[in-house]
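Quick notes on the structure that follows.
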Amino acid sequence: MGGGVVVLMGMVLMMPLLVSGGGHDYGKALSKSFLFFEAQRSGVLPSTQRINWRSNSGLHDGKASGVDLVGGYYDAGDNVKFGLPMAFTITMMSWGILEYGKQMAESGELGHALDAVKWGTDYFIKAHPQPYVFYGEVGDGNTDHYCWQRPEDMTTDRHAYRIDPQHPGSDLAAETAAAMAAASMVFRRHNPAYSAELINHAYQLFDFADKYRGKYDSSITVAQKYYRSYSGYADELLWSAAWLYQATNNEYYLDYMGRNGDSMGGTGWAMTEFGWDVKYAGAQVLASKFLMQGKAGRHAAVLERYQQKADSFMCSCLGKSTRNVRRTPGGLLFRQRWNNMQFVSSASFLLTVYSDYLSSSRHRVVRCASGYASPSELLNFAKSQVDYILGDNPRATSYMVGYGSTYPQQVHHRASSIVSIKVNPSFVSCRGGYDTWYNRKASDPNLLEGALVGGPDAYDNFADERDNYEQTEPATYNNAPILGILARLSGGSRGFNQLLPVVLPNPTAPMVNNTGMRSSPRIEPSLPAPVKKTFSPIIVEQKATSSWSYKSRTYHRYSVTVTNDSGKTVTDLSLSLAKLYGPIWGLSKSGESYGFPRWLKSLPAGESLEFVYIHAASPIDVGVSGYKLV
């Protein structure tokens, strides 16, 4: 288990994004990465489980506290469910899907991606039984690390630890709110009811985090040795607000980022890490995206200061800043000897998405302290980090288990290092696991396929030994950020616009229900007053359907679908369209608002209408300003 994050500085010269061809099969690495998350599952495993050496575990989690906490993910090579890194894992997994879900679908992995997210969010719903209560840990590292047992054999303490108004945890609650908000966007098209449930929980958790402030490890003290929140909670509050704004377009959260950017460090901290603890760089990149999308509103000046720090992060990664991230002789970003790979994958993801944001904006030029950096330079550097992970390094070793011809064989991981309970059901005792399996100088009996281990030291050295936990232990938050990068690289250099609204394709395989992971009844929201206006039975989705160039300008045709998601008929629909600069078809205008076309008087339950417009600018902002249900 470990910690980390990466923040830097930068400026970028616009150039075409080209990813040079290489010898790696990024699609195969992506597929294997999803398998790792199946190996980390706790709870009742579904019939579709592909890692068949695992079985059900943690089936009484939460029972002593009167709550069902069966499910979720084990964080690394142990059997504890730590809330903060789990939430960050789901946030980053969702972000990767939102940016590169199309490429995941083309690789046949989108269904697995949605399942992986839902395994986490189903658990978070259970862990949030009341607006101001969240269960942030099951088990504790001290008793768990005393034993070396399969999850299926656990005899360790499974106490459930919670935060509440008397024992606050703003960082934990805010990160979970970010995860739920990001995931709500992932499921918006495929499961709108579930998406609404997730955003409900996100609203409540953000309100909880902001209203009752405090560090979660001051309340859940058993987490301090393993996942101490060194950065505090201000970064999570800004990061969470950014995700809620992206998910809802509710300006309450944009105002939050604008009002608190300076005082909470969003505009002041130029970090050199990004990960489960420090979220500043992620919030700065999202703020930059809003700015490039034209969604900054009256907070543009503040968001520009966020963007300066996002630039700083990029330049530091590239070695073009006055304060650069260290690299190994082989070229790998290096921050710390214990699970350094978490910082590599997280930083590489930010480099990748920022590169695509800049390229999509078509007007950004970023200047570093020592020269310029183009979007293609950012992407190619991220690619170099992924290539190093997959085997292009001085040891010619892949640090993803099961990928390539040479990869770690003695992973610091209880379940993979002990014979499967399906092969030998004999009970493995707490200390007996150390004697029989931990000290065994042989390859793991179970292949932990797709796991990204901690990786080499500052000089590219690596010892493939089970007791070398600093280098051979994997973690979910190592793998989550790399999913999006692998999908991006597997998709090649075809043009796409990362500043357009997210529209995920249909997965090639149907999503499955997570057996034993039933969602709790929907909780009515307890929200800040400005938030309540976002609940609407009207769902608005828009996408670019074509583009062309004329007299040195690029024009886009946008299609907007308005769906009645209620059980009644909608009449007197009134829409507000902001930043519309071109012609529009399919709506009638009345004063400053737009309504049904003249030939349409109402919209029955479940039905949709479409209108289109042409723009040489970013997408317009569509708001629902009025309607009646009859």
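For all residues, glycine too, the Cβ spot is worked out from N, Cα and C.
What TrEMBL says about this protein:
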type	residues	note
SIGNAL	1-21	signal peptide
ACT_SITE	His412	active site
ACT_SITE	Asp464	active site
ACT_SITE	Glu473	active site
DOMAIN	538-618	domain 'Carbohydrate binding'
Take the C-alpha atoms of Asp464 (active site) and His412 (active site) and report the distance between them in angstrom, rounded. 9
Given the active-site residues Asp464, Glu473, which one has the fewest other C-beta atoms within 10 angstroms of its C-beta? Asp464
Using Cβ atoms only, which residues of the same chain lie under 8 Å from His412 (active site) while being at least 6 residues apart in sequence? Gly77, Val453, Arg466, Asp467, Asn468, Tyr469, Thr472, Glu473, Pro474
Pull the DSSP breakdown for the domain 'Carbohydrate binding' (538-618) and write it out as helix, strand, coil residue counts. 0 helix, 52 strand, 29 coil
Can you check how the pLDDT averages out over the domain 'Carbohydrate binding' (538-618)? 82
